Amino acid sequence: MAYPLQLGFQDATSPVMEELLHFHDHTLMIIFLISSLVLYIIMLMLTTKLVHTNMMNVQEMEMIWTILPAIILILIALPSLHTLYMMDEINNPLLTIKTMGHQWFWSYEYTDYEDLAFDSYMITTDSLKFGELRLLEVDNRMVLPTDLPVRVLVSSEDVLHSWAVPSLGLKTDAIPGRLNQVTLTSMRPGLFYGQCSEICGANHSFMPIVLELVPLKYFESWSASLA
């Protein structure tokens, strides 16, 4: 989860988020090298008094600044494509959940179970218990099993919303009349928080998302008690 004054990403909870963190570090390293080279050239130009009279027609230099950016773009594009394909790949999900955005709450329907559906509203500040997080707690959490592929279908009943859980690397737009899908696999149990990430009206800030990831046997007990 996030902490006060945190500058980095949340700890990765899924393979997708781990890939995103690796890609971020890879891209940041390339940006750092480019920035260092540009700053070095600027300092060199500001401090040196030497003049190259043939600078206007140097084919070697033109080849370098054409080929080098192409190589850099390839180094960025290849891992980017790998991560994108990994995020879109859905192989035999063992559970499918339909998530609907409303103004201003979420509703969840476990399509593999009969009559297992509920709405999820934010708990107001005056109703919080000791240790609960302000603007992040809900009355009904989305409970999922760990270490199993889960498909989440996302749509909206009214306006644009966005279902996002940063520690799992998830952010999917909820669009009225359209069904988007995303897959998630949690590597450890716990509580994971998210929020609506698309401005959707006056109470946009009051649409938290809470995922409770538990071992499979506890999930089966929970689903049996509600179904």
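Any Cβ shown, glycine's included, is placed from N, Cα and C.
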Going by Swiss-Prot, HIS161, CYS196, CYS200 bind Cu cation A1; tell me which of MET187, MET207 is listed for that site too.
MET207
Rounded inter-Cα distance in Å - CYS196 (Cu cation A1 binding site), TYR218 (phosphotyrosine):
27
Please compare the binding-site residues HIS161, HIS204 by how many other CB atoms fall within 10 Å of each one's CB, and tell me which has the fewest.
HIS204
To the nearest whole angstrom, state the Cα distance for the pair MET207 (Cu cation A1 binding site) and GLU198 (Cu cation A2 binding site).
10
At the Cα level, what's the spacing in Å between HIS161 (Cu cation A1 binding site) and GLU198 (Cu cation A2 binding site), rounded?
5
Fewest neighbouring Cβ atoms within 10 Å: which of the binding-site residues CYS196, CYS200, MET207?
CYS200
If you count other C-beta atoms within 10 angstroms, which of the recorded positions GLU198, TYR218 is the most crowded?
GLU198
